[in-house]
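Listed features, source Swiss-Prot:
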type     : residues                                                                       : note
SIGNAL   : 1-31                                                                           : signal peptide
DISULFID : CYS53-CYS99                                                                    : disulfide bond
DISULFID : CYS148-CYS189                                                                  : disulfide bond
DISULFID : CYS234-CYS290                                                                  : disulfide bond
DISULFID : CYS435-CYS507                                                                  : disulfide bond
TRANSMEM : 532-552                                                                        : transmembrane segment
DOMAIN   : 599-961                                                                        : domain 'Protein kinase'
BINDING  : LEU605, GLY606, SER607, GLY608, ALA609, PHE610, GLY611, GLN612, VAL613, LYS633 : ATP binding site
COMPBIAS : 1072-1081                                                                      : compositional bias 'Low complexity'
Amino acid sequence: MGLPEVMPASVLRGQLLLFVLLLLGPQISQGLVITPPGPEFVLNISSTFVLTCSSSAPVMWEQMSQVPWQEAAMNQDGTFSSVLTLTNVTGGDTGEYFCVYNNSLGPELSERKRIYIFVPDPTMGFLPMDSEDLFIFVTDVTETTIPCRVTDPQLEVTLHEKKVDIPLHVPYDHQRGFIGTFEDKTYICKTTIGDREVDSDTYYVYSLQVSSINVSVNAVQTVVRQGESITIRCIVMGNDVVNFQWTYPRMKSGRLVEPVTDYLFGVPSRIGSILHIPTAELSDSGTYTCNVSVSVNDHGDEKAINVTVIENGYVRLLETLEDVQIAELHRSRTLQVVFEAYPTPSVLWFKDNRTLGDSSAGELVLSTRNVSETRYVSELTLVRVKVSEAGYYTMRAFHADDQVQLSFKLQVNVPVRVLELSESHPANGEQILRCRGRGMPQPNVTWSTCRDLKRCPRKLSPTPLGNSSKEESQLETNVTFWEEDQEYEVVSTLRLRHVDQPLSVRCMLQNSMGRDSQEVTVVPHSLPFKVVVISAILALVVLTVISLIILIMLWQRKPRYEIRWKVIESVSSDGHEYIYVDPVQLPYDSTWELPRDQLVLGRTLGSGAFGQVVEATAHGLSHSQATMKVAVKMLKSTARSSEKQALMSELKIMSHLGPHLNVVNLLGACTKGGPIYIITEYCRYGDLVDYLHRNKHTFLQRHSNKHCPPSTELYSNALPVGLSLPSHLNLTGESDGGYMDMSKDESVDYVPMLDMKGHIKYADIESSSYMAPYDNYVPSAPERTYRATLINDSPVLSYTDLVGFSYQVANGMEFLASKNCVHRDLAARNVLICEGKLVKICDFGLARDIMRDSNYISKGSTFLPLKWMAPESIFNSLYTTLSDVWSFGILLWEIFTLGGTPYPELPMNDQFYNAIKRGYRMAQPAHASDEIYEIMQKCWEEKFETRPPFSQLVLLLERLLGEGYKKKYQQVDEEFLRSDHPAILRSQARLPGLHSLRSPLDTSSVLYTAVQPNETDNDYIIPLPDPKPDAADEGLLEGSPSLASSTLNEVNTSSTISCDSPLELQEEPQAEPEAQLEQPQDSGCPGPLAEAEDSFL
């Protein structure tokens, strides 16, 4: 006997409701009835009022979602009623009352009726509100209600902003309040009871941005093992107030999980709900649903996600690979294995049972990436596959719960290549051809022949060769697989029994990677060796031609002689375009000619790559002296025509320059009947660098006392004022002395001039040695006849001498700058020392082997003195008188280091160039005063426009000298200008007003301004008629009086203007010498150089 089945209470309630509806269905249709009827009632305070609600079904009264005390009954006629008695009513009883069906009958009966009751209460103007009802949230732009309700419907109510006392015109309903569209502000309601004004509570209106619900649900892991945690996030974007409701498997068993709400403020804002189960069970597998709804409206959305709880982890292959994988040689190959696993596995790759890892050279790359939650892709990438990488590979993925592995063989296909094709000639007359090649996969061998294999494909196919039934050929092929190299080797041997004419035979190997072939020509044994002989002859001819080409190129790259100095004729208005005097077109004044029979050549003073300087004795140059020792510039017999033209250009320029005390002056020239000779002054003590080296010990002994700094020494002349020296300041006397520290060319053979014209004389001139001490010099008898003032005849090198050398060089450079002359090689090696410590500026590049001189760096067809060059000259090929100022600063450094080499700490490479670009400057020399070093620094200004001109440098150095030295220098200069020096006499013949040209201490006439091209500038070159040259040198002396200057091209500027003497100004009338003094001389051009040699950087 079974027990009765127990039914749930909800089922019994539903059956009861169905039974009541079936019985009372017709009566329910009559609806709810309220007694007394009416939409609203106004009750007196403290009165009693009874309300009855009746219907065919059980009913009840509600007020503000609350159920007041009431009396329910079932009438005799079968209807139901509920009586609500309001006793001793007050203003607080004002409000809505609803008659509804009893909730126990279910939601099917949702009808209700409403009645509103007012209880006017003088003490209560407005009904009290709960605090949460004072905050009114508005979504979008919709109407809303401010519920300031009164107890008396007869009262007049107004609405105000709290901060403004002006009433708002908004409709008012006594039962509901003010209805309208409101801004986000604070509002208050006002009414008047009797003579008393009553204010309501303050209402706050807020607008909420409620966008469409966009829900996203994600889980940290959708697959978890039992015992691990489950975390699911439900996120809503852009909504401020939402409600979350979760549905998940545990709810069926009544085990609830409390979600956690997470607010992430930002733009846009995010609100999230997190459902966390710390310990997952197998029963937690299933669907997790997140339902989101907006609090202020009925919008909503929901999303679901499936979570799987497993007992143990797993690893499963999703794709398999073929057992043999193919890779091509020297091409990258990626091998990919796809599998699924949880938790994350470890992955290893093996080759031939050896573990693989990433190659440091990047030739092998291993990677495993997670493409989804449980899906993985592991890749093996071989970069530029090699033959050695062929073999057996295995991928193994594993973790503590499971593992899986996949193996395959990698075959590297190698293109076929013919390694060897040889022939042999056995004694039996056969021709044996052996072809050996390799490849992977196995290559096939094909032999073919033709009279000319290159033409065969055009007309007919080559004839295949193989085993012949006529026994004309026999073929044998052997195939071997090399395990180490993982490729096949094929050796094929072809025997040709009868070859009576030349044949071209091809061996071709082919596989899936391509083909390769070689050809060989098979000739009969009787073929002559004519081809071999012809080939050898052709090879010798080709080698001879190549050797000649190389020799010609080396000859053309040999550096050419060029004069360094340039004379600027005019500058463009913007300072970036220059026009230089073209020395080729200048005329030559024949008054400088000296007959060759009046010149006796002596020993070589200096020899260079292009020419030499020879000591000589000249007759008839001076009225006061029968003979004069001079220096003669000449080219070597191997000089090219361009170098002869450069020397002639130098002579033409020098013939138009005026004399100066501190410049090596031109005395004469020989241009007819033989080589070109330029005759200049002779300086017995050589160049300044060597002079400083020879006399350094006297300076150091003099200044060994540290308490007596050089800058404090007092200058005094050791000789009395009346002591004289030979005419022309003994510059041309027959005295001993050295010349320049240059390489002596003792092997120079002089071509006797008598062989050419029969007029030149040679003599053994007394040898001079500048190694002799300064004080050992004893003037000869003729020299003692004429004595003049000496600047200094002391044998000891003093600090004043160093400053005096600097001062004299600055005076000479000031003179050159006033003639718009740019030196471009100002250095101590180009400054000579004469008697009385007089210095003269020169350019003896002709007599210096610059190709072996470390001070000159080769660039194309020229050599450049980089250590003395300004930055704009090094990097931009810009040469101006202000770039000479930079070189003057380097010369000062040489003087006060007693002949030191500039930049001793910098090698001549990129380090030197980078240091100059960064603004590196040499340190103060040990023997230089602060004033001298300050002058150096001014000369080394980065911007050449800010460097001082030579006129200013003369004044700066003059301040450092004593009055005695300046008087002696001025006296020597005046005596020089009044003497019968050949340079003075010949210049006076052309320019009568020479003595009034310049005072040695007057520097105001030199102005460093741009020379504007005008007719006056062009007029200073006087087109004098040239002497008729001999046929041998006719081309060098040609110079037409066309334009006095031209913009120089590369050919014209290859020889710069030598400033052994400065350029002379145009002759002016004898009656106006003072006007010439007042006219300022332009000093050069600070703008960029428009031409000249290319920058060597």
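Residue positions begin at 1 at the first shown residue.
For all residues, glycine too, the Cβ spot is worked out from N, Cα and C.
Location within the structure of each feature annotated in Swiss-Prot.
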residue: CYS53; record: disulfide bond; CB count, 10 Å: 26
residue: CYS99; record: disulfide bond; CB count, 10 Å: 24
residue: CYS148; record: disulfide bond; CB count, 10 Å: 25
residue: CYS290; record: disulfide bond; CB count, 10 Å: 26
residue: CYS435; record: disulfide bond; CB count, 10 Å: 26
residue: CYS507; record: disulfide bond; CB count, 10 Å: 25
residue: LEU605; record: ATP binding site; CB count, 10 Å: 25
residue: SER607; record: ATP binding site; CB count, 10 Å: 22
residue: GLY611; record: ATP binding site; CB count, 10 Å: 25
residue: VAL613; record: ATP binding site; CB count, 10 Å: 25
Next on the checklist: Tell me the Cα distance separating CYS99 (disulfide bond) from SER607 (ATP binding site), rounded to the nearest angstrom.
Outcome noted: 135
Checklist entry - How far apart, in Å, are the two Cα atoms that lie farthest from each other among LEU605, GLY606, SER607, GLY608, ALA609, PHE610, GLY611, GLN612, VAL613, LYS633, the residues recorded as binding ATP? => result 14
Item to check | Inter-residue Cα distance where the pair is VAL613 (ATP binding site) and CYS148 (disulfide bond), in Å | outcome: 122
Checklist outcome for this item: Candidates CYS53, CYS507, LEU605 (recorded positions); nearest Cα to CYS290 (disulfide bond) turns out to be CYS53
Checklist outcome for this item: If you rank the recorded positions CYS189, ALA609 by how many other Cβ atoms lie within 10 Å of their Cβ, the lowest count goes to ALA609
Checklist entry - Helix, strand or coil: which one is ALA609 (ATP binding site) in, per DSSP? => result coil
Next on the checklist: If I take the Cα of VAL613 (ATP binding site) as reference, which of the disulfide-bonded residues CYS99, CYS189, CYS507 has the closest Cα?
Outcome noted: CYS507
Next on the checklist: Could you tell me the mean pLDDT the prediction assigns to the domain 'Protein kinase' (599-961)?
Outcome noted: 78
Next on the checklist: Which secondary structure state does DSSP assign to CYS148 (disulfide bond), in the simple three-class scheme?
Outcome noted: coil
